[in-house]
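Single-structure report; data block below.
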Amino acid sequence: MTTFRTIDDLEPGQRLLVRIDVNAAVEDGTVKDSRRFARHAETIRELLADDHAVALLAHQGRPGRDTFVSLEQHADILADHLDHPVEFVADTYGEDALAAIDDLESGDVLLLENVRMCDEELPEEPPDAKAETDLVRTLAPAFDAYVGDAYSAAHRSHASIVGFPRVMDACAGRVMEREYTAITAVRDREFDGPVTMILGGTKAEDVIPIIERLDDVVDRFCLGGVVGELFLRADGHDVGYDVGETSLFDHQWDDHRDRLERSLNAYRDRLRLPSDLAYEDDDGERAEVVVEGLEKDRPFLDVGSETADRYVDVVEDSAAAFVKGSLGVFEDERFAKGTVAVVSAMADSDCFTVVGGGDTARVVELYDFDDDDFSRVTVAGGAYVRALTGDSLVGVEVLEEGSLK
Ligand SMILES: Nc1ncnc2c1ncn2[C@@H]1O[C@H](COP(=O)(O)OP(=O)(O)O)[C@@H](O)[C@H]1O
Ligand SMILES: O=C(OP(=O)(O)O)[C@H](O)COP(=O)(O)O
């Protein structure tokens, strides 16, 4: 059950300001298409069917980074997904933007320039302070209502996320609504059987809080990836060290050793650790070795087959399964086995399944799964982790507090 209004509650034919999140990878200046564009296109398509005029507000990158670019290319990518023109204006709330907004008619879509080019957008401040910014005070009167659809940025107290709902009629778009519904389900424990989390990837600081804070609602945590190796190290195995060129392990061990050891001791009965690991042998082939008695003299790039089978069994016996972070370097087919085995088991299962993590969700298209194979493939990274651990998202809170007149 959602606790905010949605686009179903809008009267048709309105002038809408719609905050989306199409923050994307940028390679050599080229903006890469992603699931985020396709998902927001679904919201926009529904709004157009109801004769609304739509102005889109979004960000890309952060000032000072290579990914901090204009949204001009984003307009073309969105237009392709929508099969409908998306006008772009290289201005966010100045004269050019206001003139373009003024020209908007029912069925039109306009994308405003990268909102992080406005100084007032980024500093994290409470919603009421954000509502006082020139950005919000200038744009709000030009619209009938605000649609918050940027779930993956809803953990940020930025002007375009939290300022507008303070001063305008506001509701959630379809991306916000569906992500919220799928991801908050874990806290409310709506499952009739064991809940499993597959936790891997490279970031211990993402994974440890999930274990610490969800120990009461998750029955089994299956660990892999760099994080799995760090837990093996905490368990006294001779792995989870940097060897050769890697610099993934030792600094994380220094930063998180206490929490790793504490989690292992506190939740040992719920944690499943890899029993074998895979590596690249001298011929460039995948090879495997059992963890017991192992000496780490090479980088490990995946969990082994025995571990994959054990985790598949756990998923098959679950009422709900969530993934955050991959079990190995799935981008290389030789080391995708663990991740793909577990994700396949989720796809084949009737249980409630969420695949998440900014990088990890790419396994879905890389290995020919379909979004519909899962209850949810989330487009959120940081927001997914926060929601999983029960943190509220400020961008959701303002929608819950606001209401349509
Ligand atoms: N053993 C490993 N060694 C190096 N990288 C790994 C290993 N296991 C997983 N990874 C990497 O972890 C990444 C996904 O995890 P991460 O970026 O932490 O999570 P998220 O999906 O939340 O962005 C993948 O790109 C994968 O290549
Ligand atoms: O891509 C995003 O977050 P994510 O990398 O956690 O998925 C959002 O657009 C938020 O961007 P930010 O982390 O620069 O505030």
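Including glycine, each Cβ sits where the backbone N, Cα and C put it.
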Ask   = Of Glu331, Glu397, which does TrEMBL put in the ATP site with Gly357, Gly358, Asp359, Thr360?
value = Glu331
Note = Given that TrEMBL records Asp21, Val22, Asn23, Arg36, His59, Gln60, Gly61, Arg62, Arg156 as binding substrate, the matching residue among Arg116, Arg137, Arg174, Arg178 is Arg116
Cα-nearest neighbour of Asp21 (substrate binding site) within the listed binding-site residues, Glu331, Gly357, Gly358, Thr360 = Gly358
Query = Sorted by position, what residues of the same chain at least six away from Gly61 (substrate binding site) have a C-beta under 8 A from it?
reply = Asn23, Val26, Thr67, Phe68, Val69, Asn114, Arg116
Remark   = DSSP output for Arg36 ((2R)-3-phosphoglycerate binding site) maps to helix
Key: Arg156 ((2R)-3-phosphoglycerate binding site) versus binding-site residues Glu331, Gly357, Asp359, Thr360 - nearest by Cα   = Gly357
Task = Could you check which of the binding-site residues Asn23, Arg36, Gly61, Arg116 have their CB within less than 6 A of ligand 1?
result = none
